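Input: a single structure, listed below in structure tokens.
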Amino acid sequence: MTSVSRAGFNSGRVFEQADQLQKLAEPQQQSPSANAAVPGDSTLRADDPYSRATFHKPAWALTDMAHQIDRRGRRLKDSNGDGITQLSYTFNEVAANESKFNETQKAQARRSMQSWADVANITFEEDAVGAEGRLRFVNDKTPAVADAVFSHYQGRVRINPRYGDNHAPTVNGFGRQTLTHEIGHTLGAAHTGEYDATRGPVTYQTHAAYAQDSRAFAIMSYFDVSNTHQDFKGRYASSPLIADIAWSQKVFGANHQTRNTDTTYGFNSNTLRDDLSLNSSRDGAVFCVWDGGGTDTLDFSGYHQNQVINLRAESFSDVGGMKGNVSIARGVMLENAIGGSGNDVLIGNDADNRLKGNAGADRMRGGAGSDTFVYDNADDSTLYAPDQVTDFVSGQDKIDISSLLRKHDIRSLTFVSQFTGRAGEVGVGYDPHTNESWVVLDLTGNGEIDLYLESLGQIRHADIIGDVPVSYHYV
């Protein structure tokens, strides 16, 4: 059988093979230093580690970024006063030297329009009569990659099909990003700085007015995400980003009907949006979440890289080997996060979060609320690659091993001071001097530790959920 002697969370651990499991008695009380973070705690990363002054440019608040996009004051009219701006669009009106969109361009343009309608009180209907504004889409071999015209009566999106993938745009490609950007102009959005491609070379160092002026914060920006220390691995956003959403909701109002039931983003997505859905570890996630309500999940379980998944509004996550590629819009509350097979960091918010790190040595912080840390498989947290919960609050937070017990057909749990060779035996330990707690579980009855996890903050017997009868056996 296995004995466990522990040498602290940061100074290393010693695991020794012996005949007995070290006695893991229930402690008397919780240390006054409960939930104190350890030095260098990765779960305390800033929500937006990329908003910092750089190249002597100031870091702006999100409200200021939205105001920058709105600085021209352009407005489409809600003529009937119903709170929704209804727009008609067409692919059938072309002038001399123009040509019609092909079917791929049409499909991608519709998706780009839908992404704006998802976040704000705007609707788009093809060839509709009596709308409050009109858009037309055309190809034109203008010298520019694309351009757009704002008009109270009729806006225009003009695409040069000779550039990049404009002829056959795809999700997370430059062509789709271009469509969404140009549609933004027809709605009244300005660039995020005083620049335009027709006026000569434009550079971040010369033309960006603030530090976060990049395509990681706004699809209306010209500048690569590397300028804000992010990395999308050559991919682009296909839908409005955090500053674009803030602008559109300031102007048109927020669309709270969008995804207002239980929604999953990423893998196992039910969003019906291509840029919010992942089907393979080769797919890239580049999006900002706007969500109208329900119990919602960020699922990045299909990735093997080390990730940071942050559920807090106005935060940025690093997923799938990229940096700062997933953000959450202002006012959004997401409840659940699922990591992949790497050593992930999961950061909760003020809701009652369910955090599941999956395989790897994960670090999880639930934050305020009654949080649940979920274990479905034994290799989710092992003796040599253990998870650590950095802010566990006994009586409020829970460790859920119910799915794990079902998989191993374990129908009862016994809390013990040493393993006796029966499947379903659990040991719970606590060091009041360091405020460190640990849980061990024998799933097979061989007296060995199959699941091992750690926490800052005391874990008691009642904090462990198994959905099976519980007994106690101490010697």
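Cβ from N, Cα, C; glycine included.
TrEMBL has this to say about the protein:
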| type | residues | note |
| --- | --- | --- |
| ACT_SITE | Glu182 | active site |
| BINDING | His181, His185, His191 | Zn(2+) binding site |
| DOMAIN | 74-238 | domain 'Peptidase metallopeptidase' |
| REGION | 22-49 | region 'Disordered' |
Segment confidence, the domain 'Peptidase metallopeptidase' (74-238), expressed as mean pLDDT: 91
Greatest C-beta neighbour count within 10 angstroms, which of the binding-site residues His181, His185, His191: His181
Count of other CB atoms lying within 10 Å of the CB belonging to Glu182 (active site): 25
